[in-house]
């Protein structure tokens, strides 16, 4: 078995439980009383939505290519759709993580910014809508409407040999720096500064705020650390690839650049489940345990009080002696 098929099998093994985990979290979100609807958990939900799209839509196309050596649908419109979906989900994934790294500083040290509906609209929803829209418009234009020399698709190469958004030196450099390097750097800086600020300003926080802040910092550190481990090598290799230092169509580089973005998507449901497990409604888990692993009922036996038993026997002997005396007197 070659490396391509081995990589496909490894991704498939992780893909199945990842989808199950994501489905369970979505089931919890749809409950009206779920704490996952709180503002501080919104970005976890957005990251999960992007990761689920990546796992269900983009990953099967990649698995077909690395297993068969050709794209699943050999048409130009499919190649453009695949490039647009793949690059957009990866860029949005990184920017959502960077936005979370910045917003966590305000949620921990300036929570009053989000107390009113107007402030939440200004500092939370508006930047998110703007960011999602700008990334989508750029990726759509660069992949669909821009043409460059030698832009014919090659169906025996991953993602049909890419569109001009990556194949063009200028557009490739823009994508690498703006949509890969900058959000990855922002995530690293925000994640490193957050615990440092917490240690410095710890005395200024009240006891309730301290526990809440520590919890959000731990959540942020876990997910940001995992994303950084996955995206930092990808950023370095992609920059060397676009600069011409590494061969663009080298099989090993092609495999690394193709599969690395899926690692974060596959791990995202497990990371989110681990970081917010105490906020989930575990009633479903308890019902499953009782259904498939029923506990044996223990028979409860009445406890006999030895002192009471002795008193009853003493009273019976006393009554017996009294009755005998009455009989003897008569």
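Cβ atoms are placed via backbone N, Cα and C, with glycine included.
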Transmembrane segment according to TrEMBL, located in which of 238-255, 256-273, 274-291:
256-273
From 197-216, 217-236, the residue range that TrEMBL assigns the feature transmembrane segment:
217-236
Of the listed stretches (6-27, 39-57, 128-154, 174-196, 217-236), which one yields the highest count of Cβ-Cβ distances below 8 Å with the transmembrane segment (256-273)?
6-27
Can you give me the average pLDDT across the domain 'G-protein coupled receptors family 1 profile' (22-272), rounded to a whole number?
84
